[in-house]
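Chemist: Questions regarding the structure given below will be posed in turn.
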Amino acid sequence: GLGFNIVGGTDQQYIPNDSSIYVSWIKKDGAAYLDGRLQEGDKILAINGKDLKNLRHKDAVELFRNAGCYVSLKIQRRLQPQNGPVGHRGSGESDGLPLAAILVPGLALAATAVWILLRYRQRM
């Protein structure tokens, strides 16, 4: 996978009256963690150009699962002021997160590991 979990959606609002999709957890040593740009609490506005507005949680999950090898995320960064509530930066949107630099080699490495494991099992 992409190495992170999401929360939110029209049916499982993470923030009251907000059906947006948010990053809830980033897997250590996963693709998103190694890339370093995505942060827990970020709002994901789009994946590969597909808007995530008004989606049920499971539909958003399907978009992430079927994203392919080249993934671009449009996010809005959540800021935590020293004194005060968590808020969103004015525009706060990035130009996207091309995670392909991590995902493609990571997927190739995973495929190689599976191939080696299967070959090793055949010899036993």
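Any Cβ shown, glycine's included, is placed from N, Cα and C.
The annotation domain 'PDZ' is assigned in TrEMBL to 1-79. As annotated by TrEMBL, transmembrane segment applies to 97-118.
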Chemist: When DSSP states are grouped into helix, strand and coil, how many residues of the domain 'PDZ' (1-79) land in each?
Modeler: 14 helix, 27 strand, 38 coil
Chemist: Determine the mean pLDDT over the domain 'PDZ' (1-79), rounding to the nearest whole number.
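Modeler: Mean pLDDT for the domain 'PDZ' (1-79): 93.
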